[in-house]
Amino acid sequence: MSTDAKKYKDTLNLPSTAFAMKANLTQREPQIQARWEEMGLYARIREARTGAPRRVLHDGPPYANGDIHMGHLLNKVLKDIVVRSLTMRGFDSPYIPGWDCHGLPIEHKVVKDLGRKAAGMSFAEIRDLCRAEAMKWVAIQRDQFKRLGVSGHWEDPYLTLDPRYEAGIMDVLAELVERGYVFRQLKPIHWDIHDRTALAEAELEYAEHTSPSIYVNFPITSGVPSRWGDGPWHAMIWTTTPWTLPANVAIAAHPNLEYAGLRYIDPESGSETRTIIAAPLVDRVMGLRKVAEFEILGTCSGKELEGGSYRHVFIDRPGKFVLADYVTVEDGTGLVHTAPGHGAEDYRTGLAYGLPVISPVDASGRFQDSDGVPADLVGLQVFEANPKIIDRLRSDGSLYHHFNFRHSYPHGWRSKKPVIFRATAQWFIGVDRNDLREKTLEAIRTQVRWLPSWGQARIEAMVGQRPDWCISRQRAWGVPIPVLFDERNDYHHLTAESVRFFRDLFAKEGADAWFNRPIADLVPPDLDTEAHPVEFLRKGTDILDVWFESGSSHRSVVREPGYDAGPYPAFLYLEGSDQHRGWFQSSILTAVGTTGRAPFETVLTHGFVVDDKGQKQSKSLGNAVGAVEATETYGADVLRLMVASLDYANDVSLTERAIKEASEAYRKIRNTFRYLLGNLEDYARFDPESVDPGTLHPIDRWALYRLNGVIRDTTAAFESFEFYRAFQRLYQFCSVDLSSFYLDVLKDRLYAEHPTGPDRRAAQFVMARLHSALARLFAPIMPHTSEEVWDLIPDSPAKAPSVHLAPWPEPDPAFDDPHPGGLDWDFIQEAREVVFRDLEKLRAAKVIGSNQEALIEVGSPNPELQAKLSDLRRHMESTFIVSDVVVSPDRPEGATDLPGREVWFLARRSPHPKCERCWNLRPSVGEDREHPTLCCRCSAVVRSLNEAAG
RNA sequence: GGGCGCAUAGCUCAGUUGGUCAGAGCGCACCCCUGAUAAGGGUGAGGUCCCAGGUUCGAAUCCUGGUGCGCCCA
């Protein structure tokens, strides 16, 4: 570079900004967050929106256990984008995060850590440890969520263990009791007979266990097809739990299976038996005893058997034939021994057929003297009873076959002993009482907008089929069902009034009061202590299902004034699609049951986090991406950009690769901002309003026209929660319209024109608008970067102290003209593509390097077009970024036609000398004797600058 | 096994009521610039629109069946 060139370079207005190219988000974001905290940003936003129309997203509480994962990240970022965009668009949109703090996983963890000590501890002591465990994770997760830039009322989130919250749960329970939805009924649950305790699914461990396998003939009393001939007929069932036979009340067949009426001769006794088994199993079952002589006397479908009856094998009790879908021909006989007191499927079948739930087994697994249990079994533990029962069956001739086998069987996680299914009294919400199901379905159909729309069909099907809701759990860590019972009889006291008594108590002391206070303090006013003296009263030991707790948040949080989360019903719930069975359903059931309407106006769901192959992420598969680690490595804004770029209605792959792609996009967007800021550095020194819109070039107006479109489309995308559309629109605008076109075209004006001249100022006017609008449009997605970018624009009275306090950008109707300057921009864009292809050929042939070394000839055989081309000449020159465009009368050899336009172009090297300052090849270079290496534009600028300096 | 979904270039997404609908951006390859420089610009190569039937003059787009994947349930 010559000395002169260096000197001239100093007269250019090259970009300069403090906005670093390298984002360094992992360090910068915490600094920005600290500043928000310092300035009390959340409170200031709340204040600024006081009185504005409210739209409240009610947070679904994550479980307070473990570090956050990608699923949490997806959910919370989507929520934050919603809340931030609503806020900026002028709505009063508070966000009160919550946590689900009770429940088995925490209790399980605590008890496991305690080991053998747990047995000697009181409920109250265990509960204290559970609380500490929950609060520990609340604090950790809160910090992890905040690190993602999620804006909300983090100082006072709602916690399901908070007395305020627990009181709300009691309100819901009281109203459901008052309306007659709550009742008590037997239901089989997993039971550890060693520890004498109920177990949840998660507390089971599967281990090898030896069970008897027996085939038993039950005598049929009616229902055998008459075409099969005379009996006596039997039905052969198979079971691996002989001890459940005393509770047998039905035999289940599959409606579509074929059943055979079979006559066989017992190979040992030689006696003849007629019995029914599934036709496909005849050979296999007969083979068990190597029965040589048997014949099928007839067949029928399972459906035909329904309604038939039989006598219990050793108890004087009738049973009936029922149908069930789960019957298979995998094992057994195709006829399933059904004891609703001792099996989950049996219980369901029992509900469908109104069968009695019999469970003559006490807490230690011993037979009681009830339900016709034979005297020799009473007092025996069920596993000890098995051989006795088998002996009895063998001796009365009803046992067809018996052998022992080993298989996987559930054991208690603490006792390591085999568990049983045992019916115990549980509390339920009757879905069909008082038309709750119908009312809920009606609310689903008429009061809620489901996004995506298939969510409605999904929850409708679930609510339409769901059984009564069992709300009791036999655990310590939760909110008690405050029932008092008289130990002398079956009296249970649970009334609306009593529950409200405990509501008041819990509001003051928390649900711990139930466990800590003596029973004398817990007698509700409506309990008749004459009939049930305090000394005979006992506290119920059940707690509520945690889904009942979180499902009460519409009462505890949305309707309670203390949380700033109203009004009821909420504007929006936003969770993963699994919540159609979970929180959406528990919420709408309790809400309809208590208020008669849905607790939400809109339910928006997102899919699940999967890997690049579309398979779910899990630790065991080894394809899970850590959310905390990813945030520490890439920064929150990159991850947020990734989330925003995906159509979350489907499953989303949040993977290392996806993060890398988001990083690329982030870099492009960041550099676009950097370029805008670099050229606005001196913009502060004058009033933007002093720019006369009349000085804008047509292409400037075109850019603002495009910006209007971006603002409109982006706003619509946020409105409809389609953030990926906002992302695509913004990203492509930055990349295509701005970086590769408008900003590239602007360079000559920005760098070479007089710094305060009208041409440069016009460009800066547009760039300032682009910057201001884009910073705000990106703010819900990339809150940190938007803030950083906003911050670097010099202060002015109109500038909000944070981009998050700024109003949402509006399109400027002054720039709605798609053809500014009366120019055909479609034509210019098409021409640009054709010309660029030609220039590429020159470049490949080493004729030119940059576009500025080229000259474009253009012409048309059409005189009208030829005249138009002359008008467009200067605009083509700038948009093509070439030094010259000349309109020629004759089409030279080698020209390229613009398809369908009657216009041709020819690119060649410009014959003119290069201006040392602006690098254009211009005929005027050399005309100015003082600056012989400059074009006339540049010499004029330099002269003016020198005069100002001198 | 059942209910509800999803399936267009390597990736993220467009493709209104079936007829220039096979697109965009990114990525990739190659090239240029070196005055957005761990940046910027250009050109180009990529798709049996999951598969198989069917309806139709014509289907990525409608119907049926299947495959894969996800959520929920069993």
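Every residue, even glycine, has its Cβ placed from backbone N, Cα and C.
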Labelled motif ''KMSKS' region' by TrEMBL, one stretch among A:266-270, A:611-615, A:616-620. Can you tell me which?
A:616-620
Can you say which of A:62-72, A:535-545, A:843-853 is given as motif ''HIGH' region' in TrEMBL?
A:62-72
So, in DSSP terms, is A:CYS938 (Zn(2+) binding site) helix, strand, or coil?
helix
In angstrom units, rounded to an integer, how far apart are the Cα atoms of A:CYS935 (Zn(2+) binding site) and A:LYS619 (ATP binding site)?
67
On the DSSP side of things, how many residues of the motif ''HIGH' region' (A:62-72) fall into helix, strand and coil, could you say?
3 helix, 1 strand, 7 coil
Using a Cβ-Cβ cut-off under 8 angstroms and a sequence gap of six or more, which residues of the chain neighbour A:GLU575 (L-isoleucyl-5'-AMP binding site)?
A:GLY60, A:ASN75, A:GLY582, A:TRP583, A:PHE584, A:THR605, A:HIS606
A:LYS619 (ATP binding site) versus A:CYS938 (Zn(2+) binding site) - Cα distance in angstrom:
64
Please report how many Å separate the Cα atom of A:CYS918 (Zn(2+) binding site) from that of A:LYS619 (ATP binding site), as a whole number.
59
How many other Cβ atoms sit within 10 Å of the Cβ of A:CYS918 (Zn(2+) binding site)?
22
Around the Zn(2+) site formed by A:CYS915, A:CYS918, A:CYS935, A:CYS938, list the extra residues of the same chain whose Cβ is within 8 Å of the site's Cβ centroid.
A:ALA752, A:GLU916, A:ARG917, A:TRP919, A:ASN920, A:ARG922, A:SER924, A:VAL925, A:LEU934, A:CYS936, A:ARG937, A:SER939
Roughly how many angstrom lie between the C-alpha atoms of A:CYS915 (Zn(2+) binding site) and A:LYS619 (ATP binding site)?
63
